[in-house]
Amino acid sequence: MPESLLAGERFRIGYALAPRSVSSFIQDSLLVYAEKRGVDLIPIDLEKPLIEQGPFDSIFHKLYDAEWKKQLEEFSLENPTAIIVDPIESIEKLHNRVSMLDAVKQLKIENLEIPLQAFVDSNESLQDGIDNQGMKFPLIAKAVIANATADAHQMSLVLNRDGLNGIKTPIVLQEFVNHGGVIFKVYVAGDHVKCVKRKSLGDITEEKLENSENLIPFSLISYFADNEQSDESLAKLMEAAVMPPSSFVNEVSKQLRRALKLHLFNFDMIRDNRDGNRYQIIDINYFPGYAKVPEYEQMLTPCFLDLAHQKRSKETANIDHEADSNGHKTQEADSNGHKLDN
């Protein structure tokens, strides 16, 4: 795929983001890098109707309310070849942790799975939910709703049955798997993928399970497991962590993108300590903070250019369709005229 558009061509992307998302996505380095390659990133004024703004070849957004959804639908009707990144109905599937990982089950990839988990809607059924799924302690308690709110990121580590007494339902309980204290964050932007490794919760031994609190909020977990590491030991841990094979990461990303029907997302993946070749996807997020990825401009801009070529293909297809329709009408007119002459 070309690294820029043809001379004189411009691809105009309108973006509609909350202020917090703007700072984590639209940075000067991205604006300059994209502009040099024919892509203009233009803020959408949320105080004005979308249909009155533009022109836009594509819309990038991270808004979900009913009014915005209506505006996107109106824009799409008026601009059928414009590309919306991404459809709200596809995004909403990632806002519910009960169904978030369902797409992973559709993938046909060996050595990839999701952790055991259970949705529990009442405190009385907490233990039954765990037993029905065959889950073992420790567990991670996560909010059902996964969005940009503070509550959505509140998580706790449940070490034993007594820890369930501090849980508020409804909740999603996910079995914790020892994974060497390292998590792999895979960022996806269309066909372009980058995997980075980050510090995670350290492994939990049987001894620590027996000599620990019953329930620990993640915000207070720095003293637990292997998290009391010096900067030097942490650096050694991260350096020693072997990245998953790039072919594996790319295939997972490709299949997951198709299953989710999304362009922009990331997923958290861990390597199961019980089997070094087995991985679990534990979380998926829409439109993550790409600016955290080294040289993210060089990942996102090719995605923009792919969309530009995709839009051009849609426009060409529309022109060909109109030409075929007009040609068919001309043939019908000639045929009718021939019959009249006879």
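Keep in mind that glycine also has a Cβ here, set from the backbone N, Cα and C atoms.
A quick note: this is a predicted structure, and the numbers were derived from the prediction, not measured.
Taken from TrEMBL, the feature domain 'Inositol-tetrakisphosphate 1-kinase N-terminal' covers 12-91.
Per TrEMBL, the feature 1D-myo-inositol 1,3,4-trisphosphate binding site maps to K62, H153, K185, N285, G289.
Long-range Cβ contacts of N178 (ATP binding site) within its own chain (separation 6+, distance under 8 Å): D203, I204, D272, N273, R274. The feature ATP binding site is assigned by TrEMBL to R97, K142, 174-185, S200.
The feature domain 'Inositol 1,3,4-trisphosphate 5/6-kinase ATP-grasp' is assigned by TrEMBL to 112-305.
Annotation source TrEMBL lists Mg(2+) 1 binding site at D268, D283.
The Mg(2+) 2 binding site annotation in TrEMBL covers D283, N285. The number of other Cβ atoms within 10 Å of the Cβ belonging to N285 (1D-myo-inositol 1,3,4-trisphosphate binding site), over all protein chains shown, comes to 18.
Feature annotation from TrEMBL assigns region 'Disordered' to 314-342.
Of all the binding-site residues listed here (F176, G180, F184, G289), F184 has the Cα closest to the Cα of D268 (Mg(2+) 1 binding site). Rounded to the nearest whole angstrom, the C-alpha distance between F176 (ATP binding site) and H153 (1D-myo-inositol 1,3,4-trisphosphate binding site) is 17.
Around S200 (ATP binding site), the same-chain residues six or more apart in sequence whose CB sits under 8 Å from its CB are H179, G181, V182, I183, I270, listed in sequence order. Ranking the binding-site residues R97, Q174, G180, F184 by the distance of their Cα atoms from the Cα of N285 (1D-myo-inositol 1,3,4-trisphosphate binding site) places R97 first.
Taking only the Cα positions, the spacing between R97 (ATP binding site) and K62 (1D-myo-inositol 1,3,4-trisphosphate binding site) is 18 angstrom. Summarised by DSSP class, the composition of the domain 'Inositol-tetrakisphosphate 1-kinase N-terminal' (12-91) is 34 helix, 17 strand, 29 coil.
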